[in-house]
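Undergrad: Next up is a structure, given as C-alpha coordinates.
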Amino acid sequence: MSSRKVSRAHYDEDELASAANMSLVAEGHFRGMKELLSTMDLDTDANTIPELKERAHMLCARFLGGAWKTVPLEHLRISRIKGGMSNMLFLCRLSEVYPPIRNEPNKVLLRVYFNPETESHLVAESVIFTLLSERHLGPKLYGIFSGGRLEEYIPSRPLSCHEISLAHMSTKIAKRVAKVHQLEVPIWKEPDYLCEALQRWLKQLTGTVDAEHRFDLPEECGVSSVNCLDLARELEFLRAHISLSKSPVTFCHNDLQEGNILLPKASSGNIRMPSLSDETQALGNSLSAFNPADPRLVLIDFEYASYNYRAFDFANHFIEWTIDYDIDEAPFYKIQTENFPENDQMLEFFLNYLREQGNTRENELYKKSEDLVQETLPFVPVSHFFWGVWGLLQVELSPVGFGFADYGRDRLSLYFKHKQLLKNLASHQ
(Lines of atoms letter the chains of each structure in order from A and count residues from 1; the text may use other names and numbers.)
(Lines give C-alpha, C1' and ligand atoms only; values in the text may rest on other atoms or scores of the structure.)
Protein backbone atom coordinates (compact mmCIF):
# COMPACT_ATOMS: atom_id res chain seq x y z
CA MET A 1 0.00 0.00 0.00
CA SER A 2 1.27 3.50 -0.73
CA SER A 3 2.61 5.56 2.17
CA ARG A 4 -0.17 8.12 1.65
CA LYS A 5 -2.85 5.47 2.13
CA VAL A 6 -1.12 3.97 5.17
CA SER A 7 -0.72 7.32 6.88
CA ARG A 8 -4.42 8.14 6.68
CA ALA A 9 -5.80 4.69 7.53
CA HIS A 10 -7.14 4.23 11.05
CA TYR A 11 -6.58 0.84 12.66
CA ASP A 12 -7.85 -0.59 15.91
CA GLU A 13 -4.72 -1.42 17.96
CA ASP A 14 -5.72 -5.00 18.78
CA GLU A 15 -6.65 -5.86 15.19
CA LEU A 16 -3.51 -4.26 13.79
CA ALA A 17 -1.31 -5.99 16.37
CA SER A 18 -2.78 -9.32 15.33
CA ALA A 19 -2.04 -8.63 11.68
CA ALA A 20 1.44 -7.40 12.55
CA ASN A 21 2.19 -10.68 14.33
CA MET A 22 2.08 -12.39 10.96
CA SER A 23 5.59 -12.51 9.49
CA LEU A 24 5.52 -10.04 6.63
CA VAL A 25 8.38 -11.09 4.36
CA ALA A 26 10.60 -8.27 3.08
CA GLU A 27 9.41 -6.54 -0.08
CA GLY A 28 10.58 -8.31 -3.22
CA HIS A 29 12.16 -11.29 -1.42
CA PHE A 30 9.81 -13.77 -3.07
CA ARG A 31 9.01 -11.71 -6.14
CA GLY A 32 10.71 -14.41 -8.19
CA MET A 33 7.74 -16.69 -7.48
CA LYS A 34 5.51 -14.51 -9.66
CA GLU A 35 8.14 -14.29 -12.38
CA LEU A 36 8.49 -18.07 -12.37
CA LEU A 37 4.74 -18.64 -12.63
CA SER A 38 4.47 -16.07 -15.42
CA THR A 39 6.56 -18.34 -17.67
CA MET A 40 5.09 -21.65 -16.51
CA ASP A 41 2.96 -23.82 -18.78
CA LEU A 42 -0.35 -23.96 -16.91
CA ASP A 43 -0.82 -27.64 -17.78
CA THR A 44 2.54 -28.66 -16.32
CA ASP A 45 2.59 -30.74 -13.14
CA ALA A 46 3.90 -28.35 -10.47
CA ASN A 47 5.88 -31.22 -8.90
CA THR A 48 8.07 -31.40 -12.01
CA ILE A 49 9.29 -27.81 -11.62
CA PRO A 50 12.11 -27.94 -9.03
CA GLU A 51 12.42 -24.17 -8.63
CA LEU A 52 8.70 -23.77 -7.90
CA LYS A 53 8.76 -26.65 -5.44
CA GLU A 54 11.82 -25.22 -3.67
CA ARG A 55 10.21 -21.79 -3.29
CA ALA A 56 6.96 -23.30 -2.00
CA HIS A 57 8.95 -25.44 0.45
CA MET A 58 10.85 -22.39 1.70
CA LEU A 59 7.62 -20.48 2.32
CA CYS A 60 5.94 -23.38 4.13
CA ALA A 61 9.03 -24.06 6.25
CA ARG A 62 9.36 -20.43 7.34
CA PHE A 63 5.72 -19.78 8.10
CA LEU A 64 4.54 -23.18 9.37
CA GLY A 65 7.62 -24.73 10.98
CA GLY A 66 7.33 -28.24 12.44
CA ALA A 67 7.33 -31.02 9.88
CA TRP A 68 7.42 -28.48 7.05
CA LYS A 69 11.00 -27.57 8.04
CA THR A 70 12.25 -31.16 7.84
CA VAL A 71 10.24 -32.69 4.99
CA PRO A 72 12.42 -33.48 1.95
CA LEU A 73 11.27 -32.06 -1.37
CA GLU A 74 10.24 -35.50 -2.63
CA HIS A 75 7.73 -35.79 0.23
CA LEU A 76 6.18 -32.38 -0.41
CA ARG A 77 3.34 -32.52 -2.91
CA ILE A 78 2.04 -29.52 -4.85
CA SER A 79 -1.03 -29.41 -7.06
CA ARG A 80 -2.60 -26.48 -8.84
CA ILE A 81 -6.20 -25.65 -7.93
CA LYS A 82 -8.56 -23.76 -10.18
CA GLY A 83 -9.04 -20.36 -8.58
CA GLY A 84 -9.80 -16.74 -9.29
CA MET A 85 -8.92 -14.83 -12.42
CA SER A 86 -6.23 -12.70 -10.75
CA ASN A 87 -4.41 -15.33 -8.70
CA MET A 88 -2.91 -18.80 -8.93
CA LEU A 89 -3.63 -21.37 -6.22
CA PHE A 90 -1.58 -24.38 -5.16
CA LEU A 91 -2.41 -27.01 -2.57
CA CYS A 92 0.76 -27.89 -0.64
CA ARG A 93 0.62 -31.05 1.48
CA LEU A 94 2.89 -33.30 3.49
CA SER A 95 3.16 -36.97 2.63
CA GLU A 96 1.96 -39.51 5.21
CA VAL A 97 5.59 -40.31 6.00
CA TYR A 98 6.00 -36.81 7.49
CA PRO A 99 3.00 -36.17 9.76
CA PRO A 100 2.69 -32.86 11.66
CA ILE A 101 4.95 -32.58 14.72
CA ARG A 102 2.94 -30.06 16.70
CA ASN A 103 -0.21 -28.23 15.67
CA GLU A 104 0.89 -27.26 12.17
CA PRO A 105 -1.50 -28.24 9.34
CA ASN A 106 -0.65 -31.08 6.97
CA LYS A 107 -1.95 -29.13 3.98
CA VAL A 108 -2.18 -25.44 3.15
CA LEU A 109 -3.24 -23.22 0.28
CA LEU A 110 -0.53 -21.16 -1.41
CA ARG A 111 -2.07 -18.14 -3.16
CA VAL A 112 0.01 -16.00 -5.53
CA TYR A 113 -1.56 -12.78 -6.78
CA PHE A 114 -1.36 -11.18 -10.21
CA ASN A 115 -3.81 -8.56 -9.02
CA PRO A 116 -2.88 -4.94 -9.86
CA GLU A 117 -4.07 -3.97 -6.37
CA THR A 118 -1.73 -6.28 -4.44
CA GLU A 119 1.00 -3.74 -3.75
CA SER A 120 -1.27 -0.77 -2.97
CA HIS A 121 -3.85 -2.75 -1.00
CA LEU A 122 -1.59 -5.15 0.94
CA VAL A 123 -1.95 -3.73 4.46
CA ALA A 124 -5.73 -3.33 4.21
CA GLU A 125 -6.19 -6.82 2.78
CA SER A 126 -3.97 -8.34 5.47
CA VAL A 127 -5.99 -6.65 8.21
CA ILE A 128 -9.28 -7.74 6.62
CA PHE A 129 -8.17 -11.34 6.18
CA THR A 130 -6.83 -11.52 9.75
CA LEU A 131 -10.00 -10.03 11.21
CA LEU A 132 -12.26 -12.45 9.33
CA SER A 133 -10.03 -15.36 10.32
CA GLU A 134 -10.05 -14.45 14.01
CA ARG A 135 -13.83 -14.16 14.00
CA HIS A 136 -14.11 -17.58 12.31
CA LEU A 137 -15.64 -16.01 9.22
CA GLY A 138 -12.86 -17.11 6.89
CA PRO A 139 -9.83 -19.41 6.60
CA LYS A 140 -6.90 -19.14 9.00
CA LEU A 141 -4.04 -16.97 7.83
CA TYR A 142 -0.63 -18.64 8.13
CA GLY A 143 1.61 -16.10 6.46
CA ILE A 144 1.90 -13.12 4.14
CA PHE A 145 4.64 -12.52 1.61
CA SER A 146 5.08 -10.01 -1.16
CA GLY A 147 2.59 -11.02 -3.83
CA GLY A 148 0.76 -13.76 -1.96
CA ARG A 149 -0.06 -15.62 1.23
CA LEU A 150 -0.39 -19.02 2.88
CA GLU A 151 -3.85 -19.80 4.21
CA GLU A 152 -5.94 -22.64 5.54
CA TYR A 153 -7.22 -25.10 2.98
CA ILE A 154 -10.99 -25.56 3.34
CA PRO A 155 -12.46 -28.50 1.39
CA SER A 156 -15.27 -26.90 -0.56
CA ARG A 157 -16.53 -26.02 -4.00
CA PRO A 158 -17.57 -22.67 -5.46
CA LEU A 159 -21.14 -22.10 -6.51
CA SER A 160 -21.93 -22.04 -10.21
CA CYS A 161 -23.34 -19.07 -12.09
CA HIS A 162 -26.70 -20.86 -12.23
CA GLU A 163 -26.67 -21.65 -8.52
CA ILE A 164 -26.18 -18.08 -7.30
CA SER A 165 -29.49 -17.16 -8.94
CA LEU A 166 -31.48 -20.02 -7.39
CA ALA A 167 -34.01 -18.66 -4.91
CA HIS A 168 -32.77 -20.59 -1.86
CA MET A 169 -29.12 -19.79 -2.60
CA SER A 170 -29.86 -16.14 -3.32
CA THR A 171 -31.58 -15.95 0.07
CA LYS A 172 -28.45 -17.25 1.81
CA ILE A 173 -26.20 -14.90 -0.16
CA ALA A 174 -28.40 -11.93 0.76
CA LYS A 175 -28.09 -12.84 4.44
CA ARG A 176 -24.32 -13.10 4.27
CA VAL A 177 -24.01 -9.82 2.41
CA ALA A 178 -26.17 -8.21 5.10
CA LYS A 179 -23.71 -9.30 7.78
CA VAL A 180 -20.67 -8.27 5.74
CA HIS A 181 -22.18 -4.80 5.41
CA GLN A 182 -22.51 -4.62 9.21
CA LEU A 183 -18.88 -5.47 9.92
CA GLU A 184 -16.69 -2.82 11.50
CA VAL A 185 -13.28 -3.13 9.87
CA PRO A 186 -10.28 -0.96 10.91
CA ILE A 187 -9.47 0.45 7.49
CA TRP A 188 -10.00 3.76 5.65
CA LYS A 189 -13.72 4.45 5.52
CA GLU A 190 -14.08 7.01 2.73
CA PRO A 191 -15.80 5.48 -0.35
CA ASP A 192 -13.01 6.41 -2.75
CA TYR A 193 -11.54 2.97 -3.45
CA LEU A 194 -13.22 2.41 -6.83
CA CYS A 195 -12.02 5.63 -8.42
CA GLU A 196 -8.56 5.49 -6.86
CA ALA A 197 -8.08 1.91 -8.05
CA LEU A 198 -9.26 2.84 -11.54
CA GLN A 199 -6.86 5.76 -11.61
CA ARG A 200 -3.96 3.46 -10.67
CA TRP A 201 -4.98 0.88 -13.26
CA LEU A 202 -5.27 3.44 -16.03
CA LYS A 203 -1.83 4.79 -15.16
CA GLN A 204 -0.43 1.25 -15.39
CA LEU A 205 -2.30 0.57 -18.61
CA THR A 206 -1.02 3.81 -20.15
CA GLY A 207 2.51 2.65 -19.34
CA THR A 208 2.08 -0.70 -21.08
CA VAL A 209 0.26 0.18 -24.31
CA ASP A 210 0.82 2.86 -26.91
CA ALA A 211 -0.99 6.10 -26.06
CA GLU A 212 -2.82 6.01 -29.39
CA HIS A 213 -3.76 2.33 -29.16
CA ARG A 214 -7.50 1.87 -29.51
CA PHE A 215 -9.48 -0.96 -27.97
CA ASP A 216 -12.22 -2.05 -30.37
CA LEU A 217 -15.62 -2.51 -28.72
CA PRO A 218 -18.62 -4.60 -29.84
CA GLU A 219 -20.76 -2.68 -32.32
CA GLU A 220 -23.98 -2.79 -30.29
CA CYS A 221 -22.70 -0.44 -27.56
CA GLY A 222 -22.65 2.59 -29.86
CA VAL A 223 -18.95 3.37 -29.28
CA SER A 224 -16.63 1.77 -31.82
CA SER A 225 -13.37 2.02 -29.86
CA VAL A 226 -11.63 3.75 -26.95
CA ASN A 227 -8.07 4.62 -25.99
CA CYS A 228 -6.55 5.32 -22.57
CA LEU A 229 -7.32 9.03 -22.83
CA ASP A 230 -10.99 8.25 -23.52
CA LEU A 231 -11.07 5.96 -20.48
CA ALA A 232 -9.48 8.64 -18.29
CA ARG A 233 -12.22 11.07 -19.34
CA GLU A 234 -14.88 8.46 -18.57
CA LEU A 235 -13.33 7.97 -15.13
CA GLU A 236 -13.69 11.67 -14.33
CA PHE A 237 -17.28 11.52 -15.54
CA LEU A 238 -17.87 8.53 -13.25
CA ARG A 239 -16.14 10.18 -10.31
CA ALA A 240 -18.36 13.25 -10.57
CA HIS A 241 -21.53 11.17 -10.64
CA ILE A 242 -20.52 8.66 -7.95
CA SER A 243 -19.77 11.50 -5.54
CA LEU A 244 -23.46 12.46 -5.71
CA SER A 245 -24.68 9.04 -4.58
CA LYS A 246 -26.71 8.83 -1.39
CA SER A 247 -26.22 5.08 -1.08
CA PRO A 248 -25.00 4.29 2.47
CA VAL A 249 -21.28 3.58 2.84
CA THR A 250 -20.54 0.18 4.40
CA PHE A 251 -17.77 -2.39 4.38
CA CYS A 252 -18.19 -4.12 0.99
CA HIS A 253 -16.76 -7.25 -0.62
CA ASN A 254 -16.79 -5.61 -4.11
CA ASP A 255 -16.38 -8.92 -5.98
CA LEU A 256 -19.35 -11.16 -5.17
CA GLN A 257 -19.09 -13.52 -8.12
CA GLU A 258 -19.70 -17.27 -8.24
CA GLY A 259 -16.08 -18.26 -7.60
CA ASN A 260 -15.94 -16.27 -4.38
CA ILE A 261 -18.93 -17.99 -2.75
CA LEU A 262 -17.99 -21.41 -1.39
CA LEU A 263 -20.08 -24.33 -0.24
CA PRO A 264 -17.83 -26.09 2.33
CA LYS A 265 -17.87 -29.81 2.99
CA ALA A 266 -18.81 -31.17 6.42
CA SER A 267 -15.36 -30.55 7.87
CA SER A 268 -14.70 -26.86 7.36
CA GLY A 269 -11.76 -25.98 9.60
CA ASN A 270 -11.83 -22.46 10.92
CA ILE A 271 -15.35 -21.66 9.66
CA ARG A 272 -17.57 -21.81 12.72
CA MET A 273 -21.02 -23.42 12.52
CA PRO A 274 -23.26 -21.14 14.60
CA SER A 275 -25.34 -22.59 17.40
CA LEU A 276 -29.01 -21.83 17.94
CA SER A 277 -28.02 -19.48 20.75
CA ASP A 278 -25.83 -17.56 18.31
CA GLU A 279 -28.82 -17.07 16.03
CA THR A 280 -31.01 -15.96 18.90
CA GLN A 281 -28.46 -13.39 20.02
CA ALA A 282 -28.14 -12.10 16.41
CA LEU A 283 -24.52 -11.13 16.85
CA GLY A 284 -23.71 -8.10 14.72
CA ASN A 285 -20.41 -9.49 13.44
CA SER A 286 -21.55 -13.04 12.55
CA LEU A 287 -21.53 -13.84 8.85
CA SER A 288 -23.61 -16.96 9.09
CA ALA A 289 -26.73 -16.73 11.25
CA PHE A 290 -28.94 -19.31 9.57
CA ASN A 291 -30.74 -22.59 10.09
CA PRO A 292 -28.05 -25.14 11.09
CA ALA A 293 -29.82 -27.76 8.95
CA ASP A 294 -29.00 -25.74 5.84
CA PRO A 295 -25.66 -25.88 4.01
CA ARG A 296 -23.26 -23.07 4.81
CA LEU A 297 -21.96 -20.52 2.37
CA VAL A 298 -18.60 -18.84 2.88
CA LEU A 299 -17.54 -15.63 1.15
CA ILE A 300 -13.84 -15.59 0.22
CA ASP A 301 -11.30 -13.44 -1.64
CA PHE A 302 -11.72 -10.05 -0.03
CA GLU A 303 -8.78 -8.73 -2.09
CA TYR A 304 -10.88 -5.88 -3.53
CA ALA A 305 -12.82 -5.22 -0.31
CA SER A 306 -13.16 -1.68 1.00
CA TYR A 307 -15.64 0.74 2.45
CA ASN A 308 -17.86 1.60 -0.47
CA TYR A 309 -21.39 2.50 -1.47
CA ARG A 310 -23.36 -0.65 -0.66
CA ALA A 311 -25.25 -0.36 -3.94
CA PHE A 312 -22.06 -1.25 -5.81
CA ASP A 313 -21.95 -4.62 -4.02
CA PHE A 314 -25.57 -5.29 -4.99
CA ALA A 315 -25.21 -4.21 -8.62
CA ASN A 316 -21.95 -6.08 -9.04
CA HIS A 317 -23.45 -9.30 -7.64
CA PHE A 318 -26.56 -9.09 -9.82
CA ILE A 319 -24.37 -8.62 -12.91
CA GLU A 320 -22.55 -11.83 -11.95
CA TRP A 321 -25.83 -13.69 -12.48
CA THR A 322 -25.19 -13.01 -16.17
CA ILE A 323 -21.54 -14.10 -16.43
CA ASP A 324 -20.59 -17.79 -16.44
CA TYR A 325 -16.86 -18.36 -15.87
CA ASP A 326 -17.06 -22.16 -16.01
CA ILE A 327 -16.54 -22.34 -19.76
CA ASP A 328 -13.94 -24.73 -21.21
CA GLU A 329 -13.32 -22.90 -24.48
CA ALA A 330 -11.78 -19.49 -25.16
CA PRO A 331 -12.44 -16.85 -24.00
CA PHE A 332 -13.51 -19.01 -21.00
CA TYR A 333 -16.59 -17.02 -20.03
CA LYS A 334 -20.04 -16.34 -21.41
CA ILE A 335 -22.19 -13.26 -20.84
CA GLN A 336 -25.96 -13.71 -20.98
CA THR A 337 -27.46 -10.33 -20.16
CA GLU A 338 -30.97 -11.79 -20.17
CA ASN A 339 -30.11 -13.51 -16.87
CA PHE A 340 -29.94 -10.23 -14.96
CA PRO A 341 -32.46 -10.60 -12.11
CA GLU A 342 -36.03 -9.54 -12.66
CA ASN A 343 -37.51 -6.91 -10.39
CA ASP A 344 -39.25 -9.49 -8.19
CA GLN A 345 -35.98 -11.42 -7.77
CA MET A 346 -34.18 -8.30 -6.61
CA LEU A 347 -37.04 -7.49 -4.25
CA GLU A 348 -36.81 -10.97 -2.70
CA PHE A 349 -33.04 -10.57 -2.29
CA PHE A 350 -33.49 -7.24 -0.53
CA LEU A 351 -36.31 -8.50 1.69
CA ASN A 352 -33.93 -11.17 3.00
CA TYR A 353 -31.09 -8.67 3.27
CA LEU A 354 -33.17 -6.26 5.37
CA ARG A 355 -34.64 -8.98 7.57
CA GLU A 356 -31.14 -10.26 8.33
CA GLN A 357 -29.91 -6.82 9.30
CA GLY A 358 -32.85 -6.59 11.68
CA ASN A 359 -33.39 -2.83 11.80
CA THR A 360 -36.43 -2.48 9.50
CA ARG A 361 -40.02 -2.85 10.65
CA GLU A 362 -41.95 -5.64 8.96
CA ASN A 363 -44.54 -3.24 7.51
CA GLU A 364 -41.74 -1.18 5.94
CA LEU A 365 -39.78 -4.05 4.37
CA TYR A 366 -41.41 -4.02 0.94
CA LYS A 367 -41.10 -0.25 0.46
CA LYS A 368 -37.48 -0.32 1.65
CA SER A 369 -36.77 -3.19 -0.76
CA GLU A 370 -38.24 -1.21 -3.66
CA ASP A 371 -36.01 1.70 -2.66
CA LEU A 372 -32.98 -0.62 -2.68
CA VAL A 373 -33.71 -1.65 -6.26
CA GLN A 374 -33.65 2.00 -7.32
CA GLU A 375 -30.53 2.60 -5.24
CA THR A 376 -28.75 -0.31 -6.95
CA LEU A 377 -29.45 0.09 -10.67
CA PRO A 378 -27.36 3.27 -11.23
CA PHE A 379 -24.28 1.32 -10.09
CA VAL A 380 -24.62 -1.23 -12.91
CA PRO A 381 -22.49 0.84 -15.33
CA VAL A 382 -20.00 1.55 -12.51
CA SER A 383 -19.37 -2.18 -12.10
CA HIS A 384 -18.97 -2.67 -15.85
CA PHE A 385 -16.42 0.15 -16.12
CA PHE A 386 -14.46 -1.06 -13.07
CA TRP A 387 -14.03 -4.61 -14.33
CA GLY A 388 -13.67 -3.48 -17.94
CA VAL A 389 -10.52 -1.48 -17.17
CA TRP A 390 -9.35 -4.29 -14.89
CA GLY A 391 -9.67 -6.78 -17.74
CA LEU A 392 -7.60 -4.68 -20.14
CA LEU A 393 -4.83 -4.38 -17.55
CA GLN A 394 -4.87 -8.10 -16.73
CA VAL A 395 -3.88 -8.79 -20.35
CA GLU A 396 -0.50 -7.28 -19.45
CA LEU A 397 -0.16 -8.73 -15.92
CA SER A 398 -1.76 -12.14 -15.53
CA PRO A 399 -0.52 -15.56 -16.71
CA VAL A 400 -3.92 -17.09 -15.87
CA GLY A 401 -5.50 -18.66 -18.93
CA PHE A 402 -8.50 -16.40 -19.51
CA GLY A 403 -9.74 -14.11 -22.29
CA PHE A 404 -8.99 -10.87 -20.45
CA ALA A 405 -8.90 -8.72 -23.60
CA ASP A 406 -12.34 -9.88 -24.73
CA TYR A 407 -13.66 -9.60 -21.18
CA GLY A 408 -12.42 -6.04 -20.77
CA ARG A 409 -13.93 -4.95 -24.07
CA ASP A 410 -17.25 -6.69 -23.34
CA ARG A 411 -17.56 -5.05 -19.91
CA LEU A 412 -16.72 -1.61 -21.32
CA SER A 413 -19.29 -2.15 -24.05
CA LEU A 414 -21.90 -2.82 -21.36
CA TYR A 415 -20.76 0.29 -19.50
CA PHE A 416 -21.54 2.46 -22.50
CA LYS A 417 -24.81 0.61 -23.08
CA HIS A 418 -25.99 1.37 -19.51
CA LYS A 419 -24.22 4.69 -19.02
CA GLN A 420 -27.48 6.63 -18.96
CA LEU A 421 -28.31 5.05 -15.58
CA LEU A 422 -25.60 7.18 -13.97
CA LYS A 423 -27.86 10.21 -14.07
CA ASN A 424 -29.99 8.52 -11.39
CA LEU A 425 -27.14 8.31 -8.87
CA ALA A 426 -28.18 11.56 -7.19
CA SER A 427 -31.90 10.81 -7.18
CA HIS A 428 -31.96 8.04 -4.55
CA GLN A 429 -33.17 9.29 -1.18
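Numbering starts at 1 and runs along the chain as it is shown here.
Cβ atoms here come from the backbone N, Cα and C positions, even for glycine.
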Undergrad: What does Swiss-Prot list, out of E258, E370, E375, E396, as binding the same Ca(2+) as E320, I323?
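TA: As annotated by Swiss-Prot, E320, I323 share the Ca(2+) site with E258, chosen from E258, E370, E375, E396.
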Undergrad: Looking at the binding-site residues listed here (S86, Y153, S156), whose Cα lies nearest to that of E320 (Ca(2+) binding site)?
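TA: Spatially nearest to E320 (Ca(2+) binding site) by Cα position is S86.
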Undergrad: Measuring Cα to Cα, how many angstrom lie between K82 (ATP binding site) and E258 (Ca(2+) binding site)?
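TA: Pair distance, Cα basis, whole Å: 13 Å.
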Undergrad: Compare the C-alpha of S156 (ATP binding site) with the C-alpha of each of the binding-site residues S86, E258, I323, and give the closest one.
TA: E258
Undergrad: Report, in whole Å, the straight Cα-to-Cα distance of E258 (Ca(2+) binding site) from M88 (ATP binding site).
TA: 17
Undergrad: My understanding is the cutoff is Cβ-Cβ under 8 Å with a sequence separation of 6 or more in the same chain; which residues meet that for E258 (Ca(2+) binding site)?
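TA: P158, L159, S160, C161, E163, I164, E320, D324, Y325, D326 - these are the non-local Cβ neighbours of E258 (Ca(2+) binding site), listed in sequence order.
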Undergrad: Which entry in the list of binding-site residues, S86, S156, Q257, has its Cβ near the fewest other Cβ atoms, using 10 Å as the limit?
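TA: Fewest other Cβ atoms within 10 Å, among the binding-site residues S86, S156, Q257, is found for S156.
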